[in-house]
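Over in Swiss-Prot, the protein carries these features:
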type	residues	note
SIGNAL	1-24	signal peptide
ACT_SITE	His69	active site
SITE	Lys78	site 'Role in lipopolysaccharide recognition'
ACT_SITE	Asp112	active site
ACT_SITE	Ser113	active site
SITE	Tyr183	site 'Role in the phospholipid gating'
Amino acid sequence: MMFFKRTILACTVALLFPALPSYAEVGAENGNSAQAEKPGLWKRFTSNVAETWNNSPNKDLYVPAITWHNRLTYSQEKIDSYNERPWGGGYGISRYDSDGDWHGLYMMVFKDSFNKWEPIGGYAYEKIWRPLEDKDFRLGLGFTASITARDNWNYIPIPAPLPLASIGYKQLTFQATYIPGTYNNGNVFFGWFRWQF
């Protein structure tokens, strides 16, 4: 029962945190026009989260695909004991901005390395490149500002800012991150498919 309560708490926090900037005053008047032209990083971040929350035309289905523990940083005994098939699922909303870059809010639940449920949710951004003539093919590089909770940490919600990379064609995208760490801890490649509808 405690697992369920903490999981619900973690999911609620993960969904509410990115929504908070949508309640902030987005277009406050400021006498300094130079500052209005170039908002700071935090202002830009909260504005993008609010815009994504309020004006995202796309719905996304997330399907976890792989967790891979870096063989150079784990003992064989640990590798043999870990789950590397993170079945689960998730849902999100997303949009492309005027520069063609991708913004998303998401919630996903998957089986972690110990085969226990792990929720994660938050905001994600990717700078998008379309290197081919076929503009449906794209590459992305960015970050996710998320919150997760794990069984081995008693499902206490913790922030998880992580790098993000992707390769996509039309509605299907493979996204991935790398969780840094120390020997026998962290250093995990985590990838999932995202289907936009």
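One is the number of the first residue shown, and numbering goes on along the chain from there.
Every residue, even glycine, has its Cβ placed from backbone N, Cα and C.
What Swiss-Prot annotates, mapped onto the structure for a quick look.
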| residue | record | CB count, 10 Å |
| --- | --- | --- |
| His69 | active site | 22 |
| Lys78 | site 'Role in lipopolysaccharide recognition' | 14 |
| Asp112 | active site | 21 |
| Ser113 | active site | 19 |
| Tyr183 | site 'Role in the phospholipid gating' | 11 |
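According to DSSP, Tyr183 (site 'Role in the phospholipid gating') is assigned to coil rather than to any helix or strand. Ser113 (active site) and Lys78 (site 'Role in lipopolysaccharide recognition') have their C-alpha atoms 10 Å apart, to the nearest angstrom.
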